[in-house]
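Student: Submitted below is the structure of interest, expressed as structure tokens.
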Amino acid sequence: MIKKTVAVLCGGASTEHKVSLLSATNVVRAIDRSRYDIVVIGIRESGEWYVLDASSFLIGGSNLESVRPALEGARVAVLPGGGPGQLLDLSTGLLLPKIDVVFPALHGGAGENGALQGLLCCLGIPFVGASVLGSAICMDKDVTKTLLVAAGLPVVPYILVTPDAITTYDAAVQALGWPLFVKPACQGSSVGVQKVKSRGAYESALVKAFRYDRKVLVESAIDGREIECAATGYREYVTSGCGEITPHADFYGYEAKYSVCSLAEIKVPATLPPQVSEEIHRLTQIAWQVLECSIMLRLDYFVTVDGDVYINEANTLPGFTDSSMFPKLWNVEGISNEALVSRLLVLAEERFVDEHKRNYPRHG
């Protein structure tokens, strides 16, 4: 069997640069070397692309403190056209192995908001993750919620705030209750998210959130369990069981997710009443279609003591770190990281072939 070449992209000009390196480490470990050759492309925070040595890249750590942010290697450019993506070593002028499929182990910023996906479409390279449209939708929490509400799905109540339209603390509390959450609209890994209980904290939280985004969400603080569900597929898709996160901090923020000191308990599978589990799976199936998702998705939920279910956020490039819920949800069903990554790569190529058809047969 002729092996194909998969490029794992990591790093990036994003606040989640280090988290991406942790995810990429596990993705590289999980790729079936009997089927694929591996090229690791590290993207510096300044934006340059470098080819890294796949074996030495395996940092072996499981937390942010173990990640080395400096990415060393041969700087490259990607040439469009002529089939699979062609890498050019900018220091030698030599062409490197062609790329058959890309696994973007990127989180946040241009790696997740549709920009990279658009570039890969222009280059004619299959890639893991949602389409340009699906990626852009799910990266913007305001757009995500708008579409989910239009489809009749339950979301955490919120107010959109911009520098030109600030909602006062009193007005926000009157509309959403107390306490509140303030979060940038287009960040992941809970970057910039703050729980506020006073007018002063609210003003400070807005200042911090506006450092990351021009759009900021002010949300109700739902008193409930944090539940997550995953899905994979293309034209046909499957959903996973549910997992639960119990934060030991005030909420499941950035430090709780990635600190060397565990600040959360992860339980897979979650213990839920059958009707609640069924509702979460129903909502996941609908949201998958409404949000234009494909290949993979993780949906985050809140479940109240009364059994009410609220969709919190959608993630089209969920993490693959040691503490990430997405692989754990499949592992507990007997699907290893190796099998999961292989499935995602195959799905990426299936979508690419399907999208380049000239005629689409009708079904049913």
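Every residue gets a Cβ built from N, Cα and C, even glycine.
Copied straight from TrEMBL:
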- GLU16: active site (ACT_SITE)
- SER189: active site (ACT_SITE)
- SER324: active site (ACT_SITE)
- LYS141, 181-183, 189-190, 219-226, 312-313: ATP binding site (BINDING)
- ASP300, GLU313: Mg(2+) 1 binding site (BINDING)
- GLU313, ASN315: Mg(2+) 2 binding site (BINDING)
- 145-346: domain 'ATP-grasp' (DOMAIN)
Student: I'd like the Cβ neighbour count for GLU219 (ATP binding site), meaning other Cβ atoms within 10 Å of its Cβ, all protein chains included.
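Tutor: GLU219 (ATP binding site): 23 neighbouring Cβ atoms within 10 Å.
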Student: Using C-alpha positions only, work out which of the recorded positions GLU16, ASN315, SER324 is nearest to GLU219 (ATP binding site).
Tutor: ASN315
Student: Which one, from the binding-site residues LYS141, ARG225, has the smallest tally of other C-beta atoms lying within 10 Å of its C-beta?
Tutor: ARG225
Student: Cβ distance under 8 Å to ASP223 (ATP binding site), same chain, sequence separation 6 or more: which residues?
Tutor: THR304, VAL305
Student: Between VAL182, ALA221, which of the binding-site residues has its C-beta surrounded by the fewest other C-beta atoms within 10 Å?
Tutor: ALA221
Student: Between the recorded positions GLU16, ASP300, GLU313, whose Cβ has more other Cβ atoms within 10 Å than any of the rest?
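Tutor: For the recorded positions GLU16, ASP300, GLU313, the Cβ with the most other Cβ atoms within 10 Å is GLU16.
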Student: Tally every other Cβ atom lying within 10 Å of the Cβ atom of ASN315 (Mg(2+) 2 binding site).
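Tutor: I count 23 other Cβ atoms within 10 Å of it.
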Student: Among the recorded positions GLU16, LYS141, VAL182, ALA221, SER324, report those whose Cα falls within 10 Å of that of ASP300 (Mg(2+) 1 binding site); none is a fine answer.
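Tutor: Hits: none.
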Student: Excluding near sequence neighbours, so keeping only residues 6 or more apart in the same chain, what lies with its CB under 8 A of SER324 (active site)?
Tutor: SER23, PRO318
Student: Give the sequence-ordered list of residues that share a chain with ASN312 (ATP binding site), lie 6 or more positions from it, and have CB atoms under 8 Å from its CB.
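Tutor: For ASN312 (ATP binding site), the qualifying residues are VAL155, VAL156, ILE222, GLU226, ASP300, TYR301, PHE302.
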Student: Give the distance between the Cα atoms of LYS141 (ATP binding site) and GLU313 (Mg(2+) 1 binding site), rounded to the nearest whole Å.
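Tutor: Computed Cα spacing between LYS141 (ATP binding site) and GLU313 (Mg(2+) 1 binding site) is 7 Å.
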